[in-house]
Structures are given as structure tokens and as C-alpha cells.
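Undergrad: Take a look at the following structure, please.
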């Protein structure tokens with residue numbers, strides 16, 4: 001009597017990942033579609049030799065859609081959308097490996113946790129401060145022109161006072177904080193001004209001999225990459241020297257108002273009730289004004 005015995009494989013083994021907790025650093029400027037973790041590092045094995053079906057989910061809110069796997073049976077992790085360090089610098093993914101398609105009965109599942117840390121890259125040029133953001137993700141900040149003034153025929157030995165503040169730029173990739181140097185690249189006719197390469201302070205090389213104003217272009221450049229630069233405008237007004245102090249035409253002004261007047265109503269002269277009261281000052285530097 002010959003007896004043939006067939007051993008039926010029972011699904012009694014669960015898939016197994018090589019590592020169940022993976023940490024990966026990803027530079028912010030990684031190209032879309034680039035591989036983040038190779039298939040070999042994420043593939044699971046199964047003692048029953050079943051085909052493994054993979055599924056990837058994102059745990060951290062507002063970080064969905066950036067990472068994906070190549071296919072249902074290919075767990076290679078790749079970048080699906082461009083990264084922005086300002087939006088987020090960490091996310092957590094869960095990779096599931098099943099020995100049956102999702103939704104099937106008698107399914108064994110393995111889970112691997114993938115922590116992704118985003119490393120800030122040198123992606124933006126310097127920002128002159130103060131500046132205002134023009135987009136919601138705060139990746140572009142525009143500064144207003146700087147303004148200052150000098151007196152004709154006089155040379156100041158101190159750094160010029162500017163509004164809304166001194167010339168100053170920062171590296172917006174703040175975790176890198178690359179060194180910035182300053183230079184004047186336009187508008188300095190006759191070489192009147194200098195800028196300190198390290199501080200951005202503007203000083204005078206000589207006195208101004210003309211009443212024409214200056215419109216300087218000051219460039220802030222990253223030392224490690226001259227292609228990362230920004231240019232700000234500095235308007236320097238030339239004014240006449242003031243020899244006299246302004247003064248009021250009268251030491252005492254007498255006005256008159258009526259009870260019950262609305263806010264914004266005129267105050268009239270006490271000795272001329274039909275004429276509005278005017279308080280005026282004069283400056284002998286400007287006798288014709």
C-alpha cells in the first residue's frame with residue numbers, strides 16, 4: 001500500500017522587517033522622485049514565502065503627500081513633493097507589510113516606523129532687515145529702501161544714520177547662518193561713500209560738493225556662495241547746513257473757542273474772532289519759506 005502525504009502550507013508566519021524603527025535624514029533640497037530609503041532596506045520577509053503587500057501612511061498632520069513607496073509590492077521610499085524646512089522639519093511614517101492583500105481574511109501584518117528628519121539646505125539668498133513677507137509660507141521677505149542724509153560740503157567721520165535702521169542682512173536659512181559681506185555695487189558717483197564689508201555701516205570718504213542726492217545699491221553676499229546675494233537701495237539726501245535754530249514768531253498765542261463745538265473745529269484768534277489761530281515757526285536758514 002503506497003500512501004502519498006501532501007503537506008499543506010498554513011499561513012502561520014507573519015512578515016518580518018529587517019528593522020522596525022528607522023531614522024533617516026533628508027536634505028531640504030533633495031530632488032523630487034529621488035530615492036530616500038532603498039527597497040532592500042525596507043523589504044519584509046515571510047516564513048511562508050508569501051508575496052508581501054505594502055502600505056505607507058503618514059502619522060504627523062500636515063506632512064502628507066511628501067513621501068511615497070514605489071508600488072504595492074515595492075516598498076522603496078521616494079520623495080514625491082519638494083520639501084520646505086519652514087513648513088516642517090520632521091515627520092513619521094508607518095510602513096505595513098501584509099502577506100495578503102489589504103482587506104483579506106487570515107492576514108498577518110508587520111509594521112515599521114520611519115522617522116524622517118529634514119535638514120535645512122542653503123536655498124535662499126540673504127534678507128535685508130526689516131522686511132515684510134509676501135507669501136503665506138514666509139519664504140520671500142521684501143525690504144523697504146533705506147534712507148539717510150548728509151550735509152553739503154561737510155564730511156561725517158561717523159557711520160551714517162539711516163531709516164528704518166542700519167544696513168543689515170541675515171541668512172534666512174537660519175540653522176546654517178552663513179557669513180554675509182557687504183559692498184556698494186552702484187550709485188556711488190565720485191566714490192563718496194564706503195561700506196564696511198562685515199557690519200554694513202556706511203561712511204563718507206569725502207564731502208559732497210553737489211546738492212544732487214545719491215541712490216546707492218548695496219549688495220549682501222554669502223561668503224560661501226557668491227551666487228546667493230541680495231541688493232538693497234539706500235537713498236542719501238544732500239541738505240544745506242543749518243546755521244540757525246527755528247523759532248516761533250510769537251512767544252504767546254491766544255485763542256478762543258465756543259462751548260459745544262465738535263471735535264476738529266477751528267480755534268480762532270482771541271483778538272480777531274473771524275480768523276483761525278495759526279501757530280508758525282520760522283528758520284533763518286530759509287528766509288524765503
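Note: Cβ is positioned from N, Cα and C throughout, glycine not excepted.
Note that TrEMBL annotation is computational and uncurated.
What TrEMBL records for this protein is below:
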type	residues	note
DOMAIN	18-128	domain 'Cadherin'
DOMAIN	144-248	domain 'Cadherin'
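Mind mapping these onto the model and telling me what they sit next to?
TA: Secondary structure of the domain 'Cadherin' (18-128) per DSSP, as helix, strand and coil residue counts: 4 helix, 51 strand, 56 coil.
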Undergrad: What does the DSSP secondary structure composition of the domain 'Cadherin' (144-248) look like, as residue counts for helix, strand and coil?
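TA: Output for the domain 'Cadherin' (144-248) reads 3 helix, 48 strand, 54 coil.
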